[in-house]
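Colleague: Below are the features I grabbed from Swiss-Prot:
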DISULFID  97-179  disulfide bond
CARBOHYD  5  N-linked glycosylation site
CARBOHYD  167  N-linked glycosylation site
TOPO_DOM  1-25  topological domain 'Extracellular'
TOPO_DOM  47-57  topological domain 'Cytoplasmic'
TOPO_DOM  79-97  topological domain 'Extracellular'
TOPO_DOM  119-142  topological domain 'Cytoplasmic'
TOPO_DOM  164-196  topological domain 'Extracellular'
TOPO_DOM  218-244  topological domain 'Cytoplasmic'
TOPO_DOM  266-271  topological domain 'Extracellular'
TOPO_DOM  293-331  topological domain 'Cytoplasmic'
TRANSMEM  26-46  transmembrane segment
TRANSMEM  58-78  transmembrane segment
TRANSMEM  98-118  transmembrane segment
TRANSMEM  143-163  transmembrane segment
TRANSMEM  197-217  transmembrane segment
TRANSMEM  245-265  transmembrane segment
TRANSMEM  272-292  transmembrane segment
């Protein structure tokens, strides 16, 4: 097969989840439903946190940011997959692939950082409650999130610039449902040693460091829980951490599963399933996990629904509050 320079490559072939034509309508309906549920669930959390003054706390500020990132995360991959399923065309342009790699890495990294920051927030709230408002002040949270955005922007940009130097064959097939960086590197025809080294170093750092922070936070939290004499206090403290633990387990478990399965089990289908867990299932379930046992969020959602049902001007009020909150954060 003739090797073409990357500047002449105009498209890749995304093999998707299945080659069976009869399954395409079923998969299309399934993933469209999951995508819409994810958008609705996470948007409701953002609106609930923004519209209720009782939720203007660091914990819920981080939760609303996580919901925004989850919307962006799933929107990086699923819409293109749905278009390909509907049109029965598996093409993705070279520019689209680079763009998908760029934004996918940004949002995956932001998910990582936010989960770590949320674990630290829970640690401060339980282990240092008297200093909570001093340590977890809104300005610090906003600065940390901005710093994470800057870090992930440059990391993703370097990934894309290195990938842009690779050569690919005409008609290259990517055995995945989106342009995952590791899969794109595997199908290149040029020396990708630098790309692989950078990818594994970044993946290790972005996986090990945040995970270490989460483990250290929860080790201190559990130590404090064991020292509590009141059962009610233990239950209340654990209930604030249970949802976050579920999300962390789902995200990191499936994320690490992708890389372990890539190196140990050479099964493309298993790798796709593992990728689905943290790219689709995790963003979809997060709103349900966080609201299932959270009375404050459920109460805010109830008030939001009541206001929408009773007042036609409610949407304008919410929009104005969102704009006002954005201006305050900038200032």
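Cβ atoms are placed via backbone N, Cα and C, with glycine included.
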Colleague: Using DSSP, break the topological domain 'Cytoplasmic' (47-57) down into helix, strand and coil residues and give each count.
Modeller: 8 helix, 0 strand, 3 coil
Colleague: Just to be sure I understand, if DSSP states are collapsed into helix, strand and coil, how many residues of the topological domain 'Cytoplasmic' (218-244) fall in each?
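Modeller: Secondary-structure composition of the topological domain 'Cytoplasmic' (218-244): 24 helix, 0 strand, 3 coil.
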Colleague: Including all protein chains displayed, how many Cβ atoms other than that of residue 97 (disulfide bond) lie within 10 Å of its Cβ?
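Modeller: Step by step: centre on the Cβ of residue 97 (disulfide bond), count other Cβ atoms within 10 Å, giving 23.
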Colleague: Looking only at residues six or more beyond either end of the topological domain 'Cytoplasmic' (119-142), which have a C-beta under 8 A from one in the stretch?
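Modeller: Same-chain residues near the topological domain 'Cytoplasmic' (119-142) but 6 or more away: 58-59, 61-62, 213-214, 217-218, 220-221, 224-225, 237, 240-241, 244, 248, 329.
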Colleague: Counting across all protein chains present, how many other Cβ atoms fall within 10 Å of the Cβ of residue 167 (N-linked glycosylation site)?
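Modeller: A count of 17.
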Colleague: By a Cβ-Cβ criterion of under 8 Å, what residues six or more beyond either terminus of the topological domain 'Extracellular' (79-97) are in contact with it?
Modeller: 6, 9-17, 21, 24, 27-28, 31-32, 35, 174, 177-179, 184
Colleague: With DSSP, how much of the topological domain 'Extracellular' (164-196) is helix, how much strand and how much coil, in residues?
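Modeller: The breakdown for the topological domain 'Extracellular' (164-196) reads 10 helix, 4 strand, 19 coil.
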Colleague: Count up the helix, strand and coil residues in the topological domain 'Extracellular' (79-97) according to DSSP, in that order.
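Modeller: Going through the topological domain 'Extracellular' (79-97) residue by residue, I get 13 helix, 3 strand, 3 coil.
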Colleague: Do any residues at least six apart in sequence from residue 179 (disulfide bond), in the same chain, have a Cβ closer than 8 Å to its Cβ, and if so which, in order?
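Modeller: Result: 12, 14, 92, 96, 97, 98, 100, 101, 104.
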